[in-house]
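Q: Below you will find the structure I want to go over with you.
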Amino acid sequence: MSDVFKKFLKLEAASGIILIMAAVLAMILANSGLASGYQAFLDTPVQVRIAALDINKPLLLWINDGFMAIFFLLVGLEVKREMLEGALSSRVQATFPAIAAVGGMLAPALIYTFFNYSDEAARAGWAIPAATDIAFALGVMALLGKRVPVSLKVFLLALAIMDDLGVIIIIALFYTQQLSLEALAVGILATLTLLWMNRRGEDRIGLYMLVGLVLWVAVLKSGVHATLAGVVVGFMIPLNGKRYASPLKHLEHALHPWSAYLILPLFAFANAGVSLDGIGLSSLLSPVPMGIMLGLFVGKPLGVFTISWLSVKLGIAQLPSGVNFKQIFAVSILCGIGFTMSMFIASLAFEHGGLDYGSYSRLGILVGSTLAAVVGYLALRMSLPNREADQSTEGL
């Protein structure tokens, strides 16, 4: 296993702890005497004006549309690297996690739709339980240390990357508002410029970021969700260059700490603050949180494991070396940790929704993700060899 991958796993595991702390802090603030201050902080207007350009949004939307675009830039870089030289670089390597990812998105979406089919406004949240939070999932897996086979970690990483691709496609197709053709034309021109730079071998990252900023503003104004600009820029950064051995890896390594220790925790802090005032068991059992909770905790493992098992039995794919189906099932439960990615989709699905869909969706995400994390950890622990525990008791 490469040093790059080892560093990535360690970083994502540490990020999971900070994410939990940020989410817990948000919950405490939202349910304390500081709740109004917490909400006022998120509603703080932030305006950027350059000549005729004027962007005026509350801080919450700057976090969701701006900072998360940087996170999706990192996702684009990771996906491209894995497709060119990593876990998705060959058909044999990519087939198993790709099939698992498809099953892991379909089953939760169907379960959610089953509970909310009669409510047109609530149906907009069908994709919420389809996402996986890679930082949390890898963080839980990291608690078991060296007992976890490397091939199992690679499977989870590859599956999560394929899952991210699916989320990107879902956002582009289903959560796009009314389009502005003028802004869209500027976005297309910026994309073509990035493609031209890539084709001619341009490896100055600063130039890509400059054109990428133009693309982000254009996409923001066009009605397409602005985070997609980050994905496009990520795909356009060249893997090999002259100034750097790999501009893509150089930028990826530079962005990882910012994403892991600032962007995702800040997003969690801004979106996880659910007020529990007036929320009881009946609230949790209402269609939106119930659909999300069961989609994550039941639908994810059902979809991932069932499709994985069938693909192996039918000879379409093969199990990673050193991995058994008990471990695949445990990982499939961990895939139900939707947290930040599910909350991101919820912020799009219910951006203009009425009632308490936003709060209810976050409640379902928190409960479903927590159940998936706890049960997934226990299932994985029981499925793994106990050699590390044996070694740790030798000196006692």
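Each Cβ is built from the backbone N, Cα and C atoms, and glycine gets one as well.
What Swiss-Prot lists as transmembrane segment is 14-34, 59-79, 95-115, 124-144, 154-174, 178-198, 205-225, 254-274, 278-298, 328-348, 363-383, and the listing cites sequence analysis.
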Q: If you count Cβ pairs under 8 Å, which stretch among 59-79, 278-298, 328-348 touches the transmembrane segment (124-144) the most?
A: 328-348
Q: Near the transmembrane segment (328-348), which residues from the same chain, at least 6 beyond its ends, have a CB less than 8 A from one of its CBs?
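A: For the transmembrane segment (328-348), the far contacts come to 19, 23, 64, 68, 100, 104, 108, 125, 127-133, 135-137, 140-141, 152, 155-156, 159-160, 163-164, 167, 170-171, 175, 225, 264, 267-268, 271-272, 292, 296-297, 299-301, 303-305, 308-309, 319, 358, 361-362, 365-366, 368-369, 371-373, 375-377, 379-380, 382-383.
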Q: Are the transmembrane segment (95-115) and the transmembrane segment (278-298) close enough that 3 or more Cβ pairs fall under 8 Å, when only pairs 6 or more apart in sequence count?
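A: The transmembrane segment (95-115) and the transmembrane segment (278-298): touching, yes.
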Q: Are the transmembrane segment (59-79) and the transmembrane segment (178-198) close, by which I mean at least 3 Cβ pairs under 8 Å that are 6+ residues apart in sequence?
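A: Per Cβ check, the transmembrane segment (59-79) does not touch the transmembrane segment (178-198).
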Q: Pairs 6 or more apart in sequence, C-beta under 8 angstroms, 3 or more of them: is that satisfied by the transmembrane segment (178-198) and the transmembrane segment (95-115)?
A: no
Q: For the transmembrane segment (363-383), which recorded stretch in the set 154-174, 205-225, 254-274 gives the largest number of Cβ pairs separated by under 8 Å?
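A: Looking at each of 154-174, 205-225, 254-274 in turn, the most contacts to the transmembrane segment (363-383) are made by 254-274.
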